[in-house]
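Contents: one structure, followed by commentary.
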Amino acid sequence: MKPWAAFHLIFLVASSLEGEVSNYGTGGTQDTEPTCRTEHQCTRDKIILQSQPGIPGIPGVPGTNGSEGLKGDPGPQGPPGIRGPDGIRGEAGPKGDKGDQGDKGDKGDKGDKGEDCNLDGCLPTEVRNCQDLLEHGEILNGWYTIYPTKENPMVVFCDMETDGGGWLVFQRRQDGSVDFYLDWESYKKGFGKQESEFWLGNDKIHLLTSSGTQQLRIDLEDFEGSRTFAKYSSFSIGDENEKYRLIVGSYLDGSMNDSFRIHNGHSFSTKDRDNDTNKGNCAMMYKGAWWYFHCHHANLNGLYYKGKHANYADGINWRSGKGYYYSYKYADMKIRPQQSETTVS
């Protein structure tokens with residue numbers, strides 16, 4: 001059926017029914033009951049019949065997108081992932097401050113006895129002096145460790161060349177680089193430089209000369225290169241309580257006359273400890289430290305002058321040598337255990 005034919009059919013039926021309703025309404029008072037018995041919409045005075053669906057229309061134009069919705073709440077935390085590989089180790093940080101010193105630990109067990117010494121330069125504690133070193137094959141001048149007693153190791157200079165070697169040097173002057181006009185405590189402990197001038201120390205000299213007889217040799221050299229020496233049969237000094245009192249034996253021989261034995265029996269004096277027999281302080285008058293009496297014939301710890309000097313007797317003087325107005329360029333004093341035979345040089 002054509003769409004327009006259906007339209008006309010509906011229109012005719014509707015018009016017919018409307019006429020009936022109107023006639024009944026004018027001819028009596030009986031209510032009008034609907035005559036529709038379909039599931040479609042109806043009223044008391046109209047019946048609308050639905051025809052077949054028409055052809056769908058053309059789709060409309062799509063609408064515009066709506067605005068972005070609000071961000072949702074975070075979801076629940078997921079389970080931990082697997083551990084990743086170790087990263088590259090970073091650079092070391094700066095060194096921290098030194099911590100407090102820890103408590104002292106317990107004393108360890110006593111170690112096993114060591115093996116016998118077989119290394120070069122390894123010397124037994126029986127090496128008491130430079131002569132012992134020479135007998136152990138040490139033939140070079142230099143500083144060595146000796147053991148006058150096992151409890152008292154000592155570093156000393158050994159002259160291994162002069163007069164057969166084995167001499168222990170306890171005093172040396174050679175260039176004026178060290179001040180010898182010092183006090184009692186300095187001479188007690190020792191001072192100076194290993195490579196140049198030094199005084200070994202009265203306490204050490206006492207220890208070295210307190211057992212066995214030690215010969216003494218004094219060597220001098222002037223600024224013209226002339227060398228002289230004097231040798232004595234024995235030499236020792238007392239301890240500090242004895243004021244380091246000098247005990248020197250007989251003059252044996254030498255290329256210069258004796259100017260030292262006259263000091264025998266006298267105490268050691270310094271500028272701050274006057275132990276001489278003079279009314280004044282000989283150490284202060286003659287700018288040294290020595291076994292002064294009233295005052296001296298030798299002053300090997302005096303001021304370092306270069307040869308002749310104007311001041312009286314305050315240089316490195318030797319009365320029977322160059323006298324009181326000439327100071328020597330080089331001086332040393334050294335000891336060696338007494339020997340039955342000695343070689344003079």
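Cβ atoms here come from the backbone N, Cα and C positions, even for glycine.
What Swiss-Prot records for 86-116 is compositional bias 'Basic and acidic residues'.
Around Cys130 (disulfide bond), the C-beta neighbours below 8 angstroms that are at least 6 residues distant in the chain are Tyr144, Ile146, Val156, Cys158, Asp159, Met160, Gly165, Gly166, Trp167, Leu168, Arg336. What Swiss-Prot records for Cys130-Cys158 (among others) is disulfide bond, and it gives sequence analysis as the kind of evidence.
DSSP assigns Cys295 (disulfide bond) to coil in the three-state reduction, outside any helix or strand. Residues annotated as disulfide bond in Swiss-Prot, with sequence analysis given as evidence: Cys282-Cys295 (among others).
The annotation domain 'Collagen-like' is assigned in Swiss-Prot to 57-114.
Here the domain 'Fibrinogen C-terminal' (121-339) has a mean pLDDT of 97 out of 100. Residues or ranges marked as domain 'Fibrinogen C-terminal' by Swiss-Prot on the basis of sequence analysis: 121-339.
What Swiss-Prot records for 48-118 is region 'Disordered'.
What Swiss-Prot lists as signal peptide is 1-19.
Each of the disulfide-bonded residues Cys158, Cys282, Cys295 was scored by the other Cβ atoms within 10 Å of its Cβ; the lowest score goes to Cys295.
Helix, strand and coil residue tallies for the region 'Disordered' (48-118), in that order: 0 helix, 0 strand, 71 coil [DSSP].
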